[in-house]
Amino acid sequence: MASADVSSEDDDYGSRQRSRRGRRLPDPPSPRSSRRGILRTSASDNIVVDRVDRIATSLEDTNRNLRRMDRVLGEYSEVSEEQGTEIDRLRGRLARSAMRLQEERVRRTGTTRGSTMRPSELDMASSGETRRYRPTSPLRNYEPSVPRRRTGSTVRFLNGGDDDIHEVHQTVRDLTSDQLRMGEDLEREIDRRSRAEQETQRTLREMSDSLRRSSTSESASERVDRRLQQIQDDMKAQQRQLARRQEETVSMSDRLREN
């Protein structure tokens, strides 16, 4: 009986040893394959980091350009407002001078038959006064005056009208000079903004390509596009306003020349 128990225990021990030998642990990965996986992961991480750095740099450049354009637009708006104020002031001076000249004309001629004046009418004196200078209108018959030595090409007027006429002429010259200067400034500003817009669009295209490749910052691209569109709309509105002011200035200059 004891021998039977010993043999059964031996059989159990042998079966356990065979089952342990049958279960083999997996082989550990080789050092070469582990090193390849680490290198592949680090290379992909470096590519992603480089792309993110390029995108961040492009966004910083674009934000810097947008801030500079905002500052330039603010300065240009201030200059436009100052020019508009100056034009309004000159327009008021012209209106007051024209009113004074009209009153002087009515006082001298005693009639109110129109608001259009000729230079010869401003040179006409009252019936009891002696005319000193030749009139400029060929439609009126005046008595011959005593010849005098010509000292210059300037035209003088009687009874204090000289100051008003010279003020009107000076205002017209200033207005014409301001108009020419505004036109030149407008052309230079348009050229400069066109170049800046082209540069911004080029930067925006490059940034959009980078964002499209990375497909991680679509919202930033949309914000930049919206901001650029807003700047373009503001530029067009200011150009229309300046063109309208220039047309008003030209029409006023033409009316003054006709008068």
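Glycine residues also receive a Cβ, built from the backbone N, Cα and C atoms like all the rest.
It should be emphasised that the depicted structure is a prediction, and the values quoted were computed from it without experimental measurement.
Per TrEMBL, the feature region 'Disordered' maps to 1-43 (among others).
The annotation region 'Disordered' is assigned in TrEMBL to 104-162 (among others).
The annotation compositional bias 'Low complexity' is assigned in TrEMBL to 109-118.
The feature compositional bias 'Basic and acidic residues' is assigned by TrEMBL to 176-212 (among others).
Summarising the annotation, TrEMBL assigns region 'Disordered' to 176-259 (among others).
Feature annotation from TrEMBL assigns compositional bias 'Basic and acidic residues' to 220-237 (among others). According to DSSP, the secondary structure content of the compositional bias 'Basic and acidic residues' (220-237) in residues is 18 helix, 0 strand, 0 coil.
Taken from TrEMBL, the feature compositional bias 'Basic and acidic residues' applies to 244-259 (among others).
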Hey, which bits of the same chain come close to the compositional bias 'Basic and acidic residues' (220-237), Cβ under 8 Å, at least six residues off its ends?
59, 62, 66, 69-70, 73, 193, 197, 200-201, 204, 207-208, 211
Same-chain Cβ contacts of the compositional bias 'Basic and acidic residues' (244-259) under 8 Å, 6 or more residues past its ends?
83-84, 87, 91, 94, 98, 116-117, 168, 172, 175-176, 178-179, 182-183, 186
